[in-house]
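A.B. asks: Following this message is one structure expressed as structure tokens.
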């Protein structure tokens, strides 16, 4: 899209910094009672009354976290918000506000930034969060997005990485590995496109996994679901780096071990078939793929009846004494130590 | 410093993302009762009880906002925090927490990032704020810092850009133009250094203004001072883009005009002498220089006795009807319209 020289382009320089902020944010409306003052002053004002404030922040950098050759800007804006909201949901909290700061090089016309904000607006609407502030500046190269997500929770409901104990059940929402396999498909199509720019990729068979990669959805629903079920998670984290890495975070913070059962790991049929096509082990993909933005949490054994059979939840293992370590129990009933193979942005490739 | 190839350097890749965050933040302690949980989970937890939450965020980009050829990294870390805290103080609020996210290219060794965090730590200590979160990632080029500052205030004390009315007095803290003249000195020394790398600059006569540029201090003290004086500002903003631009923000938001008196603008003697040396008009520097991080606010006429003669405060003008516009009244008693010549990061130079 950015390469289309024929479309009308408005330079950012013409608008200036204040003009750009006004232009991009004028359509955003405030939905939360807790938002006393949003964009337009030196700072935003929030009021969480007797609830606690939950806050998380993330940076997304072009060439490190995303590749604009196959990520549409609208999807990118949506995803930038969603990955931050996921951190709030991972505290078993409700997301209420975000700030979005962007740095853009002058290779981006206003219309491109509008696309990005259309995605941000869509996420704000879908997840019911208010855009309350941010910063807009130029960059010497590429696009950069910094999002801070703010939420609220009753203190008794907050779930930390620390808190689970041996014999607690390990539960995951949704299914895993889709985002990683979607990325494999997109990377392959990019290579095909390089060789033959006229090729028309048929992504239809991969629509679920491509969507998992390009337009992930954070689990806004789980906090409410658990309240309805009367379940307080003993620990919780979101799956951004892969199941294995997140389990190890829970184990380390809670000083416990874990047995994860391979046969219990929820996989969508599309993921399984894509794994076959790419000749990749689907368990490996679930363990190390990352970017699924599902929630991983633990519950007391006594809550088993409340969660079993729920279509949103899969019980995939249980916690053990720390001395037992963290293992995958394979279908062949062998025990393999879990290792963190999550994503490290400093690793050279 | 970054060019010194002889010193021991630790690559960021070796530490990885989690290792780096742990390493950089392990010395930070939490000082505020409102910080229930800082770094180490998916999100931080804060508790402002019956106070309102105030929140602001900024991006600082290498090559756009700072030049590492003359800005030491420790100063940069300090300044990155200070400019954000200034936005909280500009709401007449107390800053309590910050998050800091950085993106660094692998041209930076660990030791450089440690320097940056030493400056961040110094600012946290001096301004009594807790570092509660952030993100650390690689960048394809240069250094980028994103800071979110969080604060608290009683609702009745919060001062917005909107709220002042005709006849209110316009007040500024400290003195103006120093940061801009400090930048002129540093830019000149950079050019001298390019021609003769062995030259030893004597910055001693310029120490005040160079410090105003490299190590600005936000006005943490003003909110408390005004409370002691029993003064509630009717509007407030911090001076990041220059006096002129900030006055116009107050006028626009409050729908008023303003008369600013040239002779009342507070200038340090070092600024005046540097302006003479560089042949720049000192009033112009105060109006458009920016980066002074002083506070500009308005008070009701009845508060005149409470603030007059206070060494921290200068009454520099008064607000008028919107129809009168915003003007500088020169020493020669001519009226010149104020124009926003604040800094626009999208402007090509």
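Just so it is clear, glycine is given a Cβ too, placed from its N, Cα and C backbone atoms.
Remember, TrEMBL labels are computer predictions, not curated facts.
TrEMBL lists A:40-152 with the feature domain 'PurM-like N-terminal'. According to TrEMBL, the Mg(2+) 4 binding site annotation covers A:42, A:56, A:87. Positions annotated as Mg(2+) 3 binding site by TrEMBL: A:42, A:87, A:238. As annotated by TrEMBL, Mg(2+) 1 binding site applies to A:57, A:58, A:135. Per TrEMBL, Mg(2+) 2 binding site is recorded for A:58, A:87. Sequence annotations record features per position, and here TrEMBL assigns substrate binding site to A:65, A:291, A:343. Annotated ATP binding site per TrEMBL: A:117, A:134, A:135, A:161, A:240, in sequence order. Annotation comment: TrEMBL describes A:241 as Mg(2+) 5 binding site.
Show me how these features fit into the shown structure, please.
C.D. replies: A mean pLDDT of 93 is what the model gives for the domain 'PurM-like N-terminal' (A:40-152).
In the three-state DSSP reading, residue A:42 (Mg(2+) 4 binding site) counts as coil.
Over all protein chains present, the Cβ of residue A:42 (Mg(2+) 4 binding site) has 25 other Cβ atoms lying within 10 Å.
Sequence-distant contacts of residue A:57 (Mg(2+) 1 binding site), defined as residues of its own chain at least six apart whose C-beta falls under 8 angstroms from its C-beta, comprise A:84, A:146, A:147, A:148, A:149.
The number of other Cβ atoms within 10 Å of the Cβ belonging to residue A:58 (Mg(2+) 1 binding site), over all protein chains shown, comes to 23. In the three-state DSSP scheme, residue A:58 (Mg(2+) 1 binding site) falls into the strand class.
Within 10 Å of the C-beta of residue A:65 (substrate binding site) there are 22 other C-beta atoms, taking all protein chains into account. Taken residue by residue with DSSP, residue A:65 (substrate binding site) is part of neither helix nor strand, so it is coil.
Less than 8 angstroms from the CB of residue A:134 (ATP binding site) sit A:21, A:25, A:39, A:99, A:100, A:101, A:102, each of them six or more residues away in the same chain. Following the DSSP three-state reduction, the secondary structure of residue A:134 (ATP binding site) is coil.
Look at residue A:241 (Mg(2+) 5 binding site): DSSP puts it in coil.
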A.B. asks: Quick check: of the binding-site residues listed here (A:42, A:56, A:65), which one has the Cα closest to that of residue A:238 (Mg(2+) 3 binding site)?
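C.D. replies: Closest recorded candidate to residue A:238 (Mg(2+) 3 binding site) by Cα: A:56.
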A.B. asks: Under 8 Å, Cβ to Cβ, against chain B: pull out the ones among the binding-site residues A:117, A:240, A:241, A:291 that qualify, in sequence order.
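C.D. replies: Going by the Cβ criterion (under 8 Å to chain B), the binding-site residues yield none at all.
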A.B. asks: Near residue A:87 (Mg(2+) 4 binding site), meaning Cα within 10 Å, which of A:65, A:117, A:135, A:240, A:291 (binding-site residues)?
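C.D. replies: For residue A:87 (Mg(2+) 4 binding site), the binding-site residues whose Cα atoms are within 10 Å come to A:240.
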A.B. asks: Among the binding-site residues listed here (A:56, A:240), identify the one with the smallest other-Cβ count within 10 Å.
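C.D. replies: A:240, out of the binding-site residues A:56, A:240, has the fewest neighbouring Cβ atoms within 10 Å.
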A.B. asks: What's the CA to CA span in angstrom from residue A:161 (ATP binding site) over to residue A:56 (Mg(2+) 4 binding site)?
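C.D. replies: Residue A:161 (ATP binding site) to residue A:56 (Mg(2+) 4 binding site), Cα-Cα distance: 14 Å.
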